[in-house]
Amino acid sequence: MTASSWELLALYLGALLLAAWPLGIWLARISSGRLPGWMQRVEAPLLRLAGTSADQAMNWWQYALALLAFNALGLLAVYALQRLQAVLPLNPAGMAAISPDSAFNTAISFVSNTNWQGYGGEASMSYLTQMLALAVQNFLSAATGIAVVFALFRGFAARATGAIGNFWVDVTRITAWLLLPLSLVFALFLAGNGVIQNFDAYKDVATLEATSYQQPKTGLDGQPLKDAQGAAVMENVRTDKQTLAMGPVASQEAIKMLGTNGGGFFNANSAHPYENPNALTNFFQMLAIFLIPAALCFAFGREVGDLRQGWAVLAAMTVMFVIAVVAITPAEQAGNPLLTPLGVDQAASALQAGGNMEGKETRFGINASSLFAVITTAASCGAVIAMHDSFTPLGGMVPMVMMQLGEVVFGGTGTGLYGMLIFAILAVFISGLMIGRTPEYLGKKIESHEMKLTSIAILVTPILVLAGTAVAVLAGAGRAGVANPGAHGFSEILYALSSAGNNNGSAFAGLSANTPFYNTLLGLAMWLGRFGVIVPVLAIAGSLAAKKRLPVTPGTMPTHGPLFVLLLIGTVLLVGLLNYVPALALGPVVEHLMLWPAH
């Protein structure tokens with residue numbers, strides 16, 4: 001890594017720490033209900049409208065049923081808006097209705113906080129669909145994840161009550177007093193720095209010269225046509241005009257990052273200058289992705305009565321994050337050995353970023369693109385400023401591994417921390433076995449019931465990813481979507497399932513995934529990957545809440561020091577990553593060995 005790479009990383013972590021600490025204090029107050037009186041008076045009518053109140057607690061299965069019903073209704077609403085958008089207002093570009101399979105996939109994608117996009121936003125979605133369906137779910141899916149980790153906080157902090165809070169109260173407070181205020185401020189900042197915010201019709205402008213190109217031919221339903229072999233039917237196009245898409249971008253961009261959603265208003269996502277114009281907006285977008293996940297660590301420490309617990313979890317996350325950045329940046333700075341015999345200068349200098357610049361924006365370069373790639377995949381965000389499919393084999397493997405760890409390195413809003421706490425429970429259990437003592441974490445005994453639920457929560461996503469990859473590789477419809485042969489084609493499929501199953505949403509975009517096969521397969525992976533983990537986590541929270549809190553004794557294993565941090569990191573790497581080693585060996589590892597030794 002160059003000196004500038006280290007400087008950017010240090011600046012980022014310093015700014016993150018400064019911003020996350022005060023937000024963590026506020027998150028703890030929201031979780032515990034210690035809000036100013038005027039806020040409670042504002043939210044009271046909303047809660048009455050929902051038929052509940054702030055003092056009406058739920059047990060874990062009531063909380064889970066409310067959460068599942070809420071998200072199921074969101075799924076139906078997003079699906080309906082897509083299917084009806086052709087006859088609804090705020091559609092100046094005349095977008096057609098989305099096909100049933102694509103609408104199904106997109107609805108699950110945004111409800112599950114994955115934001116996988118098999119479509120191009122500016123070519124498919126009306127302004128109404130973007131705002132009322134997708135942007136709304138950006139708020140609600142993020143609030144759902146934070147609500148679940150709040151419930152887990154209460155499970156650790158409760159003293160034999162069995163109650164873990166009220167889902168409706170949590171979602172209302174998180175949305176009203178956290179996500180909306182932060183998004184408003186961030187949207188104003190983005191709009192002031194060049195991110196567009198309007199309802200104008202698309203604008204046609206003349207280009208400097210005529211351009212000829214090929215594009216997939218589409219049918220009446222707006223979907224690409226396929227030939228008998230399943231390949232896209234191409235058509236030749238010549239034009240001297242360019243269409244500039246417009247829209248209310250800044251308002252959606254803010255919650256896209258703060259909620260670790262990641263779904264772009266435009267197909268190029270945050271590489272598009274209308275979403276991310278310059279280095280300043282890019283830095284703050286990176287900061288926004290990790291802001292709430294980092295702040296939740298501090299809130300966790302406050303809620304369980306020991307700030308050191310939050311620092312320990314944050315330290316484990318940060319160490320793994322830094323290792324990933326240190327791995328990906330040199331891989332991208334090394335460049336492509338196939339270009340060296342052609343006399344291409346790939347050395348970094350004052351005049352060029354050097355390295356592997358394929359698929360990257362010159363306004364960001366290698367350092368920011370590599371850092372962003374790790375942030376967005378560590379945090380289950382999935383927004384991109386560079387095409388991960390164009391990274392070097394090892395450079396592309398790092399984002400894949402970040403997802404396959406279970407999105408626990410900071411992770412999504414709420415999801416990252418509850419995922420890491422599940423690994424903490426496992427780490428405590430393993431340490432208890434080694435010393436012959438009943439394991440306990442934060443004063444709660446970890447027994448067979450909790451370990452069964454922990455095993456389910458950890459194994460759900462690897463099963464979905466590996467089984468889904470096997471199905472896609474074996475099925476003709478799955479192989480038809482692969483643009484590249486050999487190891488990289490396998491990596492494209494593995495990346496897609498890793499992204500969907502772990503609710504990230506980024507892609508190796510060479511995979512043609514907007515087909516009935518992939519829309520269905522990835523949709524199921526996203527839904528089960530989201531709620532197949534949430535339900536066991538809530539069950540663990542309920543089980544812990546019903547237990548008494550034990551006093552600390554000389555035999556209690558400390559869970560706030562460097563030893564526990566190392567144990568936690570080791571547990572995440574050994575349990576979370578070993579599942580995928582054979583698959584990674586068939587994809588990026590083989591591709592790397594084919595690329596470098598021969599050159």
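Heads up, residue numbers simply count up from 1 along the chain you see.
Even glycines carry a Cβ here, placed using N, Cα and C.
Same-chain residues lying 6 or more positions outside the transmembrane segment (8-28) and placing a CB less than 8 Å from one of its CB atoms are 146, 178, 283, 286-287, 290-292, 294-299, 301-303, 310, 318, 322, 325, 367-368, 371. The feature transmembrane segment is assigned by Swiss-Prot to 8-28 (among others), with sequence analysis given as support.
Residues or ranges marked as transmembrane segment by Swiss-Prot on the basis of sequence analysis: 61-81 (among others). Residues 88, 103-104, 106-108, 110-112, 128-129, 132-134, 137, 140-141, 144, 147-148, 151, 164-168, 171, 531, 534-535, 538-539, 542 of the same chain lie 6+ residues outside the transmembrane segment (61-81) yet bring a C-beta within less than 8 angstroms of a C-beta in it.
The transmembrane segment feature in Swiss-Prot is assigned to 133-153 (among others); the stated evidence is sequence analysis. Below 8 angstroms of C-beta separation, residues 27, 30-31, 60, 63, 67, 70-71, 74, 77-78, 81-82, 106-107, 110-113, 115, 125, 164-165, 167, 170-171, 174-175, 178-180, 183, 251-252, 255-256, 258-261, 263, 292, 296, 299-300, 303-304, 412-415, 417-418, 421, 534, 537-538, 540-541, 544 of the same chain, each at least six residues beyond the ends of the transmembrane segment (133-153), sit close to that stretch.
If one looks beyond the transmembrane segment (176-196) by at least 6 residues along the same chain, the residues whose Cβ comes under 8 Å of a Cβ in the stretch are 26-27, 30, 35, 39, 42-43, 46, 139, 142-143, 146, 246-247, 249-251, 253-255, 257-259, 273-278, 280-281, 284, 288, 291-292. The annotation transmembrane segment is assigned in Swiss-Prot to 176-196 (among others).
If you look up Swiss-Prot, you'll see 280-300 (among others) marked as transmembrane segment, on the strength of sequence analysis. Cβ atoms under 8 Å from those of the transmembrane segment (280-300) belong to residues 12, 15-17, 19-21, 23-28, 31, 142, 146, 149, 153, 178, 182, 186, 189-190, 193-195, 253-254, 257-260, 270, 307, 309-311, 313-314, 317, 364, 368, 371-372, 375-376, 379, 381, 383, 385, 410-414, 416-417, 421 of the same chain, restricted to positions at least 6 beyond its ends.
Within the chain carrying the transmembrane segment (311-331), a Cβ under 8 angstroms from the stretch's Cβ atoms is held by residues 1, 5, 9, 13, 293-294, 297-298, 300-301, 366-367, 370-371, 373-375, 378, 391-392, 394-395, 398-399, 401-402, 405, 408-411, 416-417, 420-421, 424, 559-561, 564-565, 568-569, 572-573, all 6 or more beyond its ends. Residues annotated as transmembrane segment in Swiss-Prot, with sequence analysis given as evidence: 311-331 (among others).
Feature annotation from Swiss-Prot assigns transmembrane segment to 366-386 (among others). Same-chain residues lying 6 or more positions outside the transmembrane segment (366-386) and placing a CB less than 8 Å from one of its CB atoms are 2, 4-5, 8-9, 12, 113-116, 256-257, 260-264, 269-271, 276, 279, 282-283, 285-286, 289-290, 293, 320-321, 324-325, 328-329, 332-333, 348, 353-357, 359-360, 395, 398-400, 402-403, 407, 409-412, 415-416, 499, 502-506.
As annotated by Swiss-Prot, transmembrane segment applies to 391-411 (among others), with the evidence given as sequence analysis. Non-local neighbours of the transmembrane segment (391-411) in the same chain are 260, 290, 293-294, 317, 320-321, 324, 327-328, 331-332, 334-336, 356, 359, 370, 373-380, 417, 419-420, 423, 458, 461-462, 465, 487-488, 491, 494-495, 498-499, 502-504, 506, 508, 572-573, 576-577, 579-580, 584, 587-589, 591-592, 595; each lies 6+ residues outside the stretch with a CB under 8 Å from one of its CB atoms.
Under the heading transmembrane segment, Swiss-Prot lists 416-436 (among others).
Under 8 Å from some Cβ of the transmembrane segment (456-476) lie the Cβ atoms of residues 230, 404, 406, 419, 422-423, 426, 490, 493-494, 496-498, 500-502, 517-518, 521-522, 525, 528-529, 532-533, 536-537, 540, 575-576, 579-580, 583, all in the same chain and six or more residues away from its ends. Residues or ranges marked as transmembrane segment by Swiss-Prot: 456-476 (among others).
Here Swiss-Prot flags 521-541 (among others) as transmembrane segment, drawing on sequence analysis. Only residues 6 or more beyond the boundaries of the transmembrane segment (521-541), in the same chain, are considered here, and those with a CB under 8 A from a CB of the stretch are 60-61, 63-64, 67-68, 71, 104-105, 108-109, 112-114, 116, 118, 144, 148, 151-152, 154-155, 164, 415, 418-419, 422, 425, 450, 453-454, 456-457, 460-461, 464-465, 468, 471-472, 478, 496-497, 500-503, 513.
Below 8 angstroms of C-beta separation, residues 312-313, 315-316, 319-320, 401, 404-406, 408, 420, 423-424, 426-427, 430-431, 458, 462, 465-466, 469, 494, 498, 557 of the same chain, each at least six residues beyond the ends of the transmembrane segment (563-583), sit close to that stretch. Taken from Swiss-Prot, the feature transmembrane segment applies to 563-583 (among others).
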